[in-house]
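Participant: Below are the structure tokens for one structure; questions will follow.
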Amino acid sequence: MRAVLKFGGSSVQNLDLMKEVAQTIIEKKNTYNELVVVLSAMGKTTNSLIKMAKDITKYPNKRDVDLLISTGEVVSIALLSIMLNDMGYKSIALTGEKAGILTKGTHTKNKISSIDTRRVEAHIQAGNIVIVAGFQGFNEAGEVTTLGRGGSDTTAIALAAKLGAICEIYTDVSGIYGVDPRIYPDAQKLTQIDYEEMKEMAFLGANIMEPRSIDIAQNYGVTVYVTSLKNPLEGTYIKEYKQNMEDKKITGIAVTEKVVMVSIRRIPYSTKITAELFKDLALNEVNIDVINQNPSVGGTINIAFTAHADDLDAVNEVLDKFEAKNPTIQVLKVNEVVKVSIVGSAMRSQSGIAAEVFELFAENDLEVKLVTTSEISISYTFDNKYKNKVVEVLAKHFNV
Ligand code: ASP
Ligand code: MG
């Protein structure tokens, strides 16, 4: 049996902790005879490397940034390999390129296009623990690339897919909770979660796994086990599973903080004008989340949308221009909003969940601002002040 074990930055932030990682890997040799290990950079290394580049210039050249931030993972894999070899366990450290991870796209945001695992396989056959640098690869031009923040999860799961291995992810939370225990301390840990649900949770702000990596796991049927070094036996499996009749209606609640909500009233009703607004927002690199448009009344419409609070300056710039062009409009901005989403694949077959939730909010005097739905989730936007209450009411009601 083979496994890919991935350890996040906090598990290798110093040599003492790295030693615990090394011991875990050695113990794992009892369960799996073939081991590949993927590491992140030590602690907050990637952040500090990016900060140094930005201290030089606001817009550092992205090719250089990739070369720079790829060094974080190179340091951690080399140190771990030195450690394991010193402890008497044959191991070899490989950069993304040496591990055959070919990528495409723009620098700092590359995607894996293929993995040539011949070298990894050969090292496994030679009896090595193979340690691969997470988050990096190389492109057709032979240059070093990175996969976007949190990309080590993607490296690990993609390698597991290619190698036909299970993937164990070691992080600081010991598994996936139905809701972030920092917001709701009574949150329950899930023993398993469906790929679709996990993807939805990850995209909606549950900050545990890189959402793209779950896509790969699902496409290739990789079983992922999320756990911690402290409680390794109490993790959560991410895999395909069939809902039982008695399963919960709602599997999890995701909370996205730092959201700004903009509502614009009395926009002249013309798809051209709307298109221009969203094009300008896109050109300004604002990532729009929820969009809500009302039917036209008397030749005007109202539009509301949400974006990440970090993009506020960029949003303001666009709105100023938009107001200057369309003087009849009225802009209202609420900076302090939060998006709370309920997720559950049971929503596909069960009706009435939306109604149930509206009733719950009404009983508890919780005023919703915006609502959006997907096939397996419903997201509600609220004033920040309601955050804890909303989560508590939902978590208790749905037993999350
Ligand atoms: N070191 C990279 C980051 O901090 C990749 C990772 O940790 O997954 O984003
Ligand atoms: Mg991570």
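These residue numbers are counts, starting from 1, taken along the chain as shown.
Including glycine, each Cβ sits where the backbone N, Cα and C put it.
What you see is a predicted model, and the numbers here were worked out from it, not measured in a lab.
When I checked TrEMBL for this same protein, it listed these features:
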BINDING   LYS6, PHE7, GLY8, GLY9, THR171, ASP172, TYR177, ARG182  ATP binding site
BINDING   THR46, GLU73  substrate binding site
DOMAIN    262-345  domain 'ACT'
Participant: Just the number: how many Å between the Cα atoms of LYS6 (ATP binding site) and THR46 (substrate binding site)?
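Facilitator: The Cα atom of LYS6 (ATP binding site) is 17 Å away from the Cα atom of THR46 (substrate binding site).
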Participant: Between the Cα atoms of THR46 (substrate binding site) and PHE7 (ATP binding site), what distance do you get, rounded to the nearest Å?
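Facilitator: Cα-Cα, rounded: 15 Å.
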Participant: Between the Cα atoms of TYR177 (ATP binding site) and GLU73 (substrate binding site), find the distance and write it as a whole number of Å.
Facilitator: 28
Participant: Between the Cα atoms of GLY8 (ATP binding site) and GLU73 (substrate binding site), find the distance and write it as a whole number of Å.
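Facilitator: It is 10 Å, counting Cα to Cα.
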Participant: Go through the binding-site residues PHE7, GLY8, GLY9, THR46, ASP172, TYR177 and pull out the ones with a Cβ less than 6 angstroms from some atom of ligand 2.
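Facilitator: The binding-site residues passing the 6 Å Cβ test are GLY8.
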Participant: Tell me the coarse DSSP state (helix, strand, coil) of LYS6 (ATP binding site).
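Facilitator: It is in a strand.
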Participant: I'd like the per-state residue tally for the domain 'ACT' (262-345) from DSSP, helix first, then strand, then coil.
Facilitator: 31 helix, 37 strand, 16 coil
Participant: Whole-number answer please: how many Å between the C-alpha atoms of PHE7 (ATP binding site) and GLU73 (substrate binding site)?
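Facilitator: Taking the Cα atoms only, PHE7 (ATP binding site) lies 11 Å from GLU73 (substrate binding site).
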Participant: Please list the binding-site residues from LYS6, PHE7, GLY9, ASP172, TYR177, ARG182 whose Cβ falls under 6 Å of any atom in ligand 1.
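Facilitator: Among the binding-site residues listed, those whose Cβ sits under 6 Å from ligand 1 are GLY9.
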Participant: If you pair up every Cα among LYS6, PHE7, GLY8, GLY9, THR171, ASP172, TYR177, ARG182, the residues annotated as binding ATP, what's the maximum separation in angstrom, rounded to an integer?
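Facilitator: Result: 24 Å between the two most distant Cα atoms.
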